Amino acid sequence: MTTVIEDFPDEPAVSPAATREAKDRRRAFLLLTPGVLWMVLFMLMPLVMVIYVSFWTQSTFAVEPTLTTASWERFLSSPTYLTAIGTTLKTWIIVLLATIVVGYPVALFIGLFVKNRTLQTALLVACVIPFWTSFLIRVIAWRPMLGTEGAINIILLKLGIVSEPLSFLLFSEFSVYVGMTQIYCVFMVGPITFMIARIDDSIIEAARDLGASFGTIFRRIVLPLSLPGVIVGTIFVSVMVLGEFATAASLSGRKVNLLGNIIVSQVGSLKWAFAAVAGVVLTVIITAVITLALRVVDIRKEM
Amino acid sequence: MQVGLLRPALALYAALFLLFLYGPMIVLAILSFQSQGGGPQFPIQEWSVYWYKHLLGLAETSRVSQLPVGDSLIRSLVLAFLTTVVSVTLGTMSAEAFRTRFKGSGPVFYLIILGMMVPGVLVGLGVALLSNFLDIGRAWWSTSFVLHVVYTFPFAFLVMLAIFNRFDRSVEEASLSLGVSPAQTFRRVTFPLIFPGVLSAMLFSFTLSYDEFSRTLFTAGADLTLPLAIYGTFSVEIYPNVFAFGVLTTLFSFTLLVIYGLLMKRFTRNKRFAGQEDA
């Protein structure tokens, strides 16, 4: 009898709720371990490796783990590579602006003007479906469109708008911008539509009742509330455009050399250290862009 | 208010936008029916399925070499399947863990999301360097596979997170406290609730991996996957056989989408019996 009574004061501190919480946390930890481990081993480690190898010594066909800044010096003093940084940034800005300008009105239409839910979903699905098809095929599909004997030139000639086929359409900077805008526009339209469709109709109604014109409603309500969507879209588009190389390789006729193209060509000639330097530069640029965008909006809250 | 005019204007704009999105694919599809003598552009000299035959190896030999689709197709399908299994498992486990509040959930969330954000050419380079350093051979089923999971696991995770956020844990607890075994509870309660998410996560993982290219480029070693085989034709002159391939692979992706839609529809029709509430 006495032992039973004595047993009790020993463990009053641990409440069942606390025990359960500790158990839950242990469970969460176990469940997360494989995923986190996978990401650390196969994503973070490789990225660290890129930084590490950028300081290795490059000989003609091999790299050796003797640390040097030679590759960096060569990269930063070479006009070819510096131009590639400039081209990458220029392409990024142009394509980003193009996706916003092209995509925003579409998002506005689907999100605000289509009131039928089914039609809204159907339109959104129509915008997203190309994402389901092969990226390379979508790139290559621009060749028969833009070529000198391509669909656009044929139409322009038939309509008598031009007398000679336009040659700047394909294998130029223009074709790269058009191709990228078409491919990445979806990632801008989606988030913006999502944010606009979420706007409470009664707010707009109230503004209208108080005599606000559409311009005012757009400027004071729709635009500010859709901005997080623009930022999320900007992050998606930026990351993808900055890491691009296939569109430029296929549509520019080697006239546009992005950092991604530099990496591919350097790996092709076994210049691993130079490829790594270009990789680090690319990482720095992308990190800066994302950090800047995340300052404006917290993605996790918007999900 | 000028909305009266704005609405049709925007509708017209949206229609033009869809034309912009689909136009190139439509042109590509039309040109895939070019005759043997015709080039990869208009005009169509004569409608034919010659390039489809050529693609499948049924045409008599020609000066255009056949696209290496056979083995690479099988590799891509196997790779997509493996990637789907692993990333849906990892995604479900991680999302389940996120139902509990824990310290460091922010960094872990961003670590996982980083997988879909980081450029493929960058991680591809990293994995190639790492495997060189560790003296591990590169192959589509090893180095490419781990990277495909890095890419698709975040998608599966986000989908499952959205599903878990929407359903109440007390449903499971009720079942357990009524004496239903954990296995039965999972089969009868949890699984029906998360099934739409699992299906979506599978669709994402499979298609993304099947079409994945930039992560595969440096990591696949000697044996090519389907997108790599197609990329190989980029540098040389293109022929309508690439267009024919594009049509077939697009049809394949759409078939997956339709299967997904049918499964989803069938499931949601039965959901009353599974006890799911609309969120």
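Glycine too: its Cβ is placed from the backbone N, Cα and C atoms.
These features come from TrEMBL:
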type     : residues  : note
TRANSMEM : B:12-33   : transmembrane segment
TRANSMEM : B:73-95   : transmembrane segment
DOMAIN   : B:73-260  : domain 'ABC transmembrane type-1'
TRANSMEM : B:107-133 : transmembrane segment
TRANSMEM : B:145-164 : transmembrane segment
TRANSMEM : B:185-208 : transmembrane segment
TRANSMEM : B:242-263 : transmembrane segment
Give the one range among B:12-33, B:107-133, B:145-164 whose Cβ atoms make the most pairs under 8 Å with those of the transmembrane segment (B:242-263). B:12-33
Would the transmembrane segment (B:73-95) count as touching the transmembrane segment (B:185-208), i.e. at least 3 C-beta pairs under 8 angstroms with sequence separation of 6+? yes
Counting Cβ pairs closer than 8 Å, which of B:12-33, B:107-133, B:145-164 has the most of them with the transmembrane segment (B:73-95)? B:145-164
Taking pairs 6 or more apart in sequence, does the count of Cβ pairs under 8 Å between the transmembrane segment (B:107-133) and the transmembrane segment (B:12-33) hit 3 or more? no
